[in-house]
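Novice: Pasting a structure below so you can have a look.
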């Protein structure tokens, strides 16, 4: 049985942000929707687009908050509280500056590392950091003053090709996570490099 009951993809809403690095979490959710044949539908009480599906006998909920990134914790906590999903049963997919393009890693717990979506998620979950994260590497611009503009821009073609391969591997690993557990998925994904 899957330890994960809720999979969240972070991003900013609207066409303006759809292809920006900060939306890497939503990119992966869209791939999972194709892989597992589900559609996300807007659900205002959860401030997001949601789906529910059964995979290998496990009921899994998916969420893409439709709030801006810095308010995404509200959507996560609303859905988790409503369905009585514990923080350690949540996987949050997000862009990660500290990993290069072509790398994605799963980990449990930790701080927010300056990521506003994670910062709000931790706060909205009552300062509980025990949720899992699937970190999609986007690289770092090299100067902290450039980070905001960097995450709100599209990756270069070279970076996108690497990110694309990491997203493919992450899609396979989420399938493993649901069917065979988080440890097996973590071991495989954390060893991958495009």
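Yeah, the Cβs are placed from backbone N, Cα and C, and that goes for glycine too.
Annotations per Swiss-Prot:
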type     : residues        : note
SITE     : 12              : site 'Discriminates between blocked and unblocked aminoacyl-tRNA'
BINDING  : 17, 68, 70, 116 : tRNA binding site
ACT_SITE : 22              : active site, proton acceptor
SITE     : 95              : site 'Stabilizes the basic form of H active site to accept a proton'
Novice: Which of 70, 116 has the fewest nearby Cβ atoms, counting only those within 10 Å, among these binding-site residues?
Specialist: 70
Novice: Work out the three-state DSSP category of residue 70 (tRNA binding site).
Specialist: helix
Novice: According to DSSP, which kind of secondary structure is residue 12 (site 'Discriminates between blocked and unblocked aminoacyl-tRNA') found in, if we only use helix, strand and coil?
Specialist: coil
Novice: What is the separation, in Å, between the Cα atoms of residue 70 (tRNA binding site) and residue 95 (site 'Stabilizes the basic form of H active site to accept a proton')?
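Specialist: So the Cα of residue 95 (site 'Stabilizes the basic form of H active site to accept a proton') lies 13 Å away from that of residue 70 (tRNA binding site).
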Novice: If you measure C-alpha to C-alpha, which of 17, 22, 68, 116 (recorded positions) come within 10 angstroms of residue 95 (site 'Stabilizes the basic form of H active site to accept a proton')?
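Specialist: So the list reads 22.
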Novice: Calculate the distance in Å between the alpha carbons (Cα) of residue 68 (tRNA binding site) and residue 22 (active site, proton acceptor), and round it to a whole number.
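Specialist: Between the Cα atoms of residue 68 (tRNA binding site) and residue 22 (active site, proton acceptor), the distance comes to 11 Å.
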Novice: Inside 10 Å of the Cβ of the residue listed as 'active site, proton acceptor', count up the other Cβ atoms and send me the figure.
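Specialist: There are 23 such Cβ atoms around the residue listed as 'active site, proton acceptor'.
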Novice: Enumerate same-chain residues with a sequence separation of six or more from residue 17 (tRNA binding site) and a Cβ-Cβ distance below 8 A; give 'none' if the list is empty.
Specialist: 11, 23, 152
Novice: Fewest other Cβ atoms within 10 Å: which of the recorded positions 12, 68, 95 wins that one? Let me know.
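Specialist: Sparsest of the recorded positions 12, 68, 95 by Cβ contacts within 10 Å: 68.
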